[in-house]
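As recorded in TrEMBL:
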ACT_SITE  Y134  active site, proton donor/acceptor
ACT_SITE  K163  active site, schiff-base intermediate with substrate
BINDING   T46, I205  pyruvate binding site
Amino acid sequence: MKYEGIMTALVTPIDENNSVDKEAFAQIIEDQVKNGIHSLLVLGGTGEYTALSMEQRKIAIDVAMQVNKGRVPVVVGLLSPGLGDNIELGKYAKSAGADSVMVVTPFYVNPTNDGFLSYYEAIDQALDMPIILYNIPYKTGIHMTNDVVERIVDKITNITAMKVCSDNMGDVLELLQLVGDRISVLCGEDYRAVSSFISGAPGAITASSNLIPDVWVKIYNLVQQKEYDKAVALHKEFFPLMKALYREGNPGPLKAALEMIGLPTGRVSVPLLEASDGVKKELKNKLSELIVPVR
């Protein structure tokens with residue numbers, strides 16, 4: 001499967017009992033599908049993967065699959081640093097009907113280039129399902145270089161896409177040249193998505209699309225219609241809101257903003273905290289200025 005368009009990195013609603021809020025999660029997923037989002041990512045960083053227990057993760061997968069009912073592709077994040085949890089959850093996701101898994105680079109252990117390849121080979125052998133590579137060096141502390149990505153794509157046919165989170169736009173451009181004809185090179189930065197689209201990236205994985213899915217779909221469609229000026233202008237209009245969403249640790253501000261438009265998300269799992277009063281005020285003002293609809 002080659003991914004195109006906007007994939008929303010979903011928040012995971014958590015209730016006061018520290019359980020996945022199934023009803024709230026279902027509401028968010030319905031809102032996404034209704035607004036034309038192209039695919040969904042469950043249990044990414046925005047979904048607080050690392051703060052959730054294995055049981056909570058499996059519940060989130062179950063809710064997503066039951067609510068979505070095959071309407072759009074569903075990807076499940078595997079963000080543990082080792083094979084054990086990732087293989088267990090990956091097998092669960094596959095049995096539940098997930099279309100792909102997104103596997104982050106094995107952080108903390110600082111693998112060699114050969115180690116990266118061996119790691120993804122082991123994941124592939126255990127799961128035998130479509131895999132999205134995930135490189136986010138500013139959070140993991142390790143960087144999987146583009147030549148290593150090319151080696152992995154050459155060796156593992158189940159690699160179908162890659163989420164690229166980088167401050168260097170050149171990484172996206174080089175990956176499009178090296179492997180773009182074989183996998184979907186997806187921008188993982190809300191700020192740089194439009195530039196990536198115009199440069200040839202077929203899609204993006206975004207967090208702010210939890211809040212403004214219709215805007216992101218419109219931006220993507222404008223690029224497909226080659227109305228680049230309009231796409232850039234629309235992105236620029238909503239950029240201050242996107243910036244406010246990352247003012248503090250994601251997804252604290254995002255969850256606060258979703259609550260403001262009638263989509264309950266509950267608490268944020270420690271060590272992350274809920275948005276400060278100052279950020280909440282900024283978000284409220286931006287939502288009002290941009291007339292983001294209440295759901």
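Cβ coordinates come from backbone N, Cα and C, glycine included.
Whatever TrEMBL says is automated annotation, not expert-curated.
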Enumerate same-chain residues with a sequence separation of six or more from I205 (pyruvate binding site) and a Cβ-Cβ distance below 8 A; give 'none' if the list is empty.
M7, T8, A9, L41, G44, K163, L186, C187, G188
Would you count the other C-beta atoms found within 10 angstroms of the C-beta of T46 (pyruvate binding site) for me?
23
Have a look around the residue listed as 'active site, proton donor/acceptor' and count the other CB atoms within 10 A of its CB, chains all included.
26
Other CB atoms within 10 A, centred on K163 (active site, schiff-base intermediate with substrate):
28
